[in-house]
């Protein structure tokens with residue numbers, strides 16, 4: 001007899017392949033973006049089935065949520081430029097040979113990655129045993145947080161640097177192309193909008209703070225919490241509660257860099273009490289982790305919101 005779990009896994013596999021193929025082969029940008037967001041939601045369910053709740057939360061919040069919103073932004077910007085007569089001509093479109101070469105290289109890359117994953121074996125050497133032993137006795141109860149903020153903290157530090165550099169690149173493009181406001185508020189606000197935001201704001205704030213606080217011992221953390229808080233900011237941006245400005249305020253700039261700055265400062269200061277950077281002191285390890293995670297949460301939320309906003313700064317708008 002076929003187990004229900006097997007049928008669910010089979011449907012997820014077929015759904016992932018079908019949605020991914022439809023998104024790649026879709027001719028319309030909007031349709032491809034929506035399919036990508038659906039693919040992200042299916043990926044979140046897949047990670048949940050694989051008992052990886054941290055990855056499921058990150059995929060749902062960042063992969064399907066805010067990344068999808070950024071792609072919708074790109075679709076709208078492209079449509080706006082076409083309306084202004086700035087669309088590319090047919091001669092600029094990629095030809096058949098280019099598409100075939102790109103498809104062939106993509107298939108080779110996918111086949112190589114599939115073979116690599118199939119040939120990998122579970123490491124059972126002394127390093128793996130030591131990592132498991134240290135993780136079980138670590139002061140952080142969540143193994144994912146242990147890896148991100150202790151075992152491989154250097155990777156997390158570089159990820160924050162990449163995120164900040166991405167925002168700087170977007171700001172350079174904004175200054176160069178002088179794009180119009182992609183999210184002008186509606187002339188008439190829907191009557192249920194204010195009550196909805198009144199209810200959603202405290203709930204999303206509480207959920208975001210819970211994910212931050214619980215991340216050290218259970219599924220959650222800075223990336224999931226920051227993405228949820230950024231989603232709240234997106235709601236305020238779309239409804240005109242936050243409006244674009246030509247420059248970022250000092251407070252916003254501080255929030256954008258505080259995560260990377262504090263993490264880098266800690267990496268340098270760790271050389272005072274240890275022989276290696278990013279080494280936590282035994283007496284204040286947990287407090288330092290919470291402080292760094294809180295700073296990362298603020299920076300991630302602000303950076304993702306600014307990427308979606310497509311503006312150099314934000315200010316409080318009309319609330320009526």
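Each Cβ is built from the backbone N, Cα and C atoms, and glycine gets one as well.
Because TrEMBL annotations are produced automatically, they should be read as predictions rather than curated entries.
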Between 137-155, 156-174, which stretch does TrEMBL give the note transmembrane segment?
156-174
Candidate ranges 56-75, 96-118, 221-239, 251-273, 285-308 - greatest C-beta contact count to the transmembrane segment (156-174) (under 8 angstroms):
285-308
Same-chain residues at least 6 beyond the ends of the transmembrane segment (221-239) whose Cβ lies under 8 Å from its Cβ atoms
54, 57-58, 61-62, 65-66, 69, 142, 144-145, 148, 183, 185, 189, 193, 197, 200-201, 204-205, 207-209, 211-212, 215, 259, 293-294, 296-305, 308-309, 314
When secondary structure is assigned with DSSP, how many helix, strand and coil residues does the domain 'MrpA C-terminal/MbhE' (103-178) contain?
62 helix, 0 strand, 14 coil
Folded-back contacts onto the transmembrane segment (56-75), same chain, C-beta under 8 angstroms, at least six residues removed
29-30, 33-34, 36-41, 43-45, 47-48, 182, 211, 219-220, 223-224, 227-228, 230-231, 234, 304, 307-308, 310
